[in-house]
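Dropping the structure in here first, questions after.
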Amino acid sequence: MKKLLVTGFVPFLDFSVNPTEQIVKNLDGTTIGGYEIYGRILPVDFSESATKCIEYFENIQPEVVISLGLAAGRTKITPERIAINCKDGGPDNRGVRMQDEPIEIDGPAGYFSTLPIRRFVNVLNENGYPAQISNTAGTYLCNNVMYSILHKIYSENRNVRAGFVHIPASHELAIQHPNIPSWSQNDLYQAVICMIESLD
């Protein structure tokens with residue numbers, strides 16, 4: 001059976017919960033659409049998040065990698081089109097800030113997602129989950145992880161599809177931050193399952 005690595009993040013900044021963490025925990029060990037799911041949680045740390053993702057990638061040897069991240073303020077599920085070679089932002093959970101730093105000194109300016117992001121968006125919308133392609137993953141840890149795993153795959157000429165999907169806040173998070181839009185945790189979870197089922 002094919003393997004799918006799904007990653008999420010721990011809570012960060014002033015967000016005491018991260019819906020991606022619970023999604024990934026619930027997916028771990030399940031089988032969906034011919035894929036055995038390996039769910040792994042990443043730290044919100046400029047020096048460790050990409051390293052841990054690559055470590056999980058090497059240990060699991062998946063055919064597909066879907067990384068998830070919280071985009072508080074977005075109203076839709078947003079598969080990312082591109083990751084850029086830049087670290088800028090913060091602080092991370094260790095208080096570290098980055099400014100105009102390359103992720104890979106000799107790496108290309110960017111990598112396009114190799115996930116079927118248009119299919120993801122179409123299937124999500126058809127099933128009642130608002131979605132659209134995003135053309136910026138930012139320059140924080142989400143972009144960092146997406147760029148790093150794609151750089152690893154391209155550098156080693158691996159036949160692995162990978163990319164990143166941002167999700168809105170959960171209702172639990174919106175209770176603490178009442179000005180941000182939110183989805184139920186179950187709808188977020190089901191939307192991720194919907195994307196996985198559409199992979200092949």
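Cβ atoms here come from the backbone N, Cα and C positions, even for glycine.
Caution: TrEMBL annotation is automatic and unverified by curators.
Under the heading active site, TrEMBL lists E80, C142, H166.
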Can you tell me the CA-to-CA distance separating E80 (active site) and H166 (active site), as a whole number of Å?
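Each residue's Cα considered, E80 (active site) and H166 (active site) end up 7 Å apart.
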I need the CA-to-CA distance for H166 (active site) versus C142 (active site), whole Å please.
8
